[in-house]
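Student: Before we start, here is the structure in question, set down as structure tokens.
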Amino acid sequence: MKRRIFGFYQLLYIVLSFHLYLCDEEGICDRRPLGTTTDPLPPDNRFLLEIKDAHDDKYIPKRQYEVRLFSRDKKTPFIAFTISLREDFIKNKYNPRKPIMLKAGFLETHSSFNNAKYSHTCNNTIIQSDITPKTETKVLWTAPEKNNKCVTIFALVAVQPTVWYSFEGPLSKQVCEDRRKADDMQPTENDNCQVCEDARYQLTIEGMWSPNTHQFTYPVTQELARFSDIVGASHNKDFALYTYNSEAGDGLKMLAEQGNTTKMELEILDMVNDDIQISLVRTLIKATAPPRPNMSTVTNFRVTRRHHLVSLVMALLPSPDWFLGVSNMELCDATTNMWAENITFNLYPLDAGTDSGLTFESPNDETSPPQTITSADIAPNRAPKEDTRPYARLLFHLVRTYSNLDCSEEHPATEETGGGTSDDNGGEPGDGEDGSEEKNKFEYRPSPVPTTTTSEQPPSVDPDTEESKCPMTTWSDWAVCDGECINNKVNGYQARYRQHVGDPTPECIEEAATEDFQPCSEDCEEEEPAPDENEEQE
């Protein structure tokens with residue numbers, strides 16, 4: 001009976017609170033646009049409210065988000081608006097009739113939009129600064145601290161002084177606290193990176209996908225499970241390999257559906273300019289797929305003060321159009337304005353929105369029209385999203401930094417500068433190509449698995465391929481035997497690598513192997529795994 005009474009009061013509170021959010025008691029706060037007294041029309045999908053980077057309708061406590069109110073066709077104007085917040089609440093065990101109100105964060109005007117101002121009568125509310133026709137406005141929302149559950153951001157839109165639309169449907173967005181672990185969240189993007197050196201990173205892609213850890217989200221034919229090769233770029237803020245909640249490009253479609261990286265590599269190379277200061281991309285990042293989806297592969301890449309973001313993707317195979325990826329990973333720490341020394345980031349499956357298959361081995365079923373990129377919903381009845389474990393992990397490690405002669409006391413960090421000229425693949429530490437001293441923050445150690453390709457100056461050509469249409473480097477030495485240590489014995493695979501030299505044709509990229517694997521066996525010392533108190537039970 002007590003539960004029914006509380007449920008009744010809870011429902012009553014929700015209804016009354018929204019009424020009061022439009023017009024508070026005694027008329028102190030009137031959120032209706034232009035103070036109109038007419039009744040609102042239900043939203044007709046002409047106008048939309050969205051929260052940038054609030055993936056899966058989740059917010060990270062204390063993070064600032066951009067809230068955008070706009071007309072879908074970019075033509076239909078509105079003259080007035082109200083954007084406001086509604087907080088969540090929890091049960092009050094001492095007084096069920098009066099729930100305890102939580103916090104909703106706060107709204108601010110956006111520096112790039114002068115068509116908005118604070119409301120003088122309503123808290124956490126921003127309204128139009130004039131009634132000139134407009135098709136878009138933006139405000140900033142700083143999310144509340146932890147344990148404040150959900151927040152509803154809503155808008156009211158007026159197209160005429162007496163014609164306005166209520167906060168329902170597309171004009172209302174509820175976002176709830178993101179309770180992911182730190183390794184599931186990307187660092188805050190740095191819009192003003194002022195680091196004064198170029199840097200070189202080692203990237204380890206650590207596979208974590210196996211039938212033991214992903215019992216219900218693994219192909220029925222287990223031996224078919226694998227990752228595709230990895231492709232990506234270090235780039236500036238004007239380049240996007242893919243964008244969550246937007247349609248996939250042709251390169252991503254080919255990779256997600258077929259595991260073929262060719263088209264995506266060419267798309268990235270089209271963004272490389274000889275003048276590094278205006279180039280969108282600094283380095284084409286490539287890595288061969290791990291021999292098995294629970295093994296690792298390694299590559300290296302360069303970043304600069306201008307090109308401090310990293311994006312990369314790899315396909316889950318077989319699958320309709322599922323892939324793993326990261327977009328706009330920030331390496332220039334927004335707090336310290338220094339290169340991040342180490343970053344760990346977990347990867348979960350994404351859906352490219354181009355194939356409607358429901359299982360890993362579904363036949364091709366093209367989605368028409370294509371849908372936007374979202375989180376992949378794999379076996380939802382047996383493996384809920386909240387129980388999904390990472391399929392892979394990215395480990396970024398700062399190997400060394402390079403002095404940049406264009407960034408000195410005479411040329412302050414606020415000036416745009418180009419990348420360094422040192423060769424990633426050779427040279428002694430401390431010796432740049434131009435004779436300048438390189439600043440070493442870490443002792444350089446070669447990767448356990450050599451990088452496959454970068455867009456840096458290529459090494460020498462293997463004499464056996466020099467006269468061919470597809471010149472390659474010589475094969476690297478065989479890497480260490482990679483596999484699980486069972487009964488003090490590793491039975492696994494070892495790999496060796498080579499890379500293309502120059503600007504390979506698409507046929508060359510597709511046909512000339514850049515990796516080679518062979519089975520191996522060697523002794524090892526088995527260790528007891530350290531207990532993980534955060535790991536969930538199977």
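Glycine is treated like the rest: Cβ placed from N, Cα and C.
Annotation comment: TrEMBL describes 1-23 as signal peptide. Look at TrEMBL and you will find 14-188 tagged as domain 'Reelin'. Under the heading domain 'Spondin', TrEMBL lists 189-384. According to TrEMBL, the region 'Disordered' annotation covers 357-386, 409-470, 515-538. Taken from TrEMBL, the feature compositional bias 'Polar residues' applies to 357-375. According to TrEMBL, the compositional bias 'Acidic residues' annotation covers 522-538.
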Student: Where else in the chain does the region 'Disordered' (357-386) make close Cβ contacts, counting only residues six or more beyond its ends and a cut-off under 8 Å?
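Tutor: For the region 'Disordered' (357-386), the nonlocal Cβ contacts are 55-56, 214-221, 224-225, 242-248, 252, 257, 316, 318-322, 348-351.
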Student: Based on DSSP, tally up the residues of the region 'Disordered' (357-386) by helix, strand and coil.
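Tutor: Within the region 'Disordered' (357-386) the tally stands at 2 helix, 4 strand, 24 coil.
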Student: On average, what pLDDT score does this prediction assign to the domain 'Reelin' (14-188)?
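Tutor: That stretch averages a pLDDT of 87.
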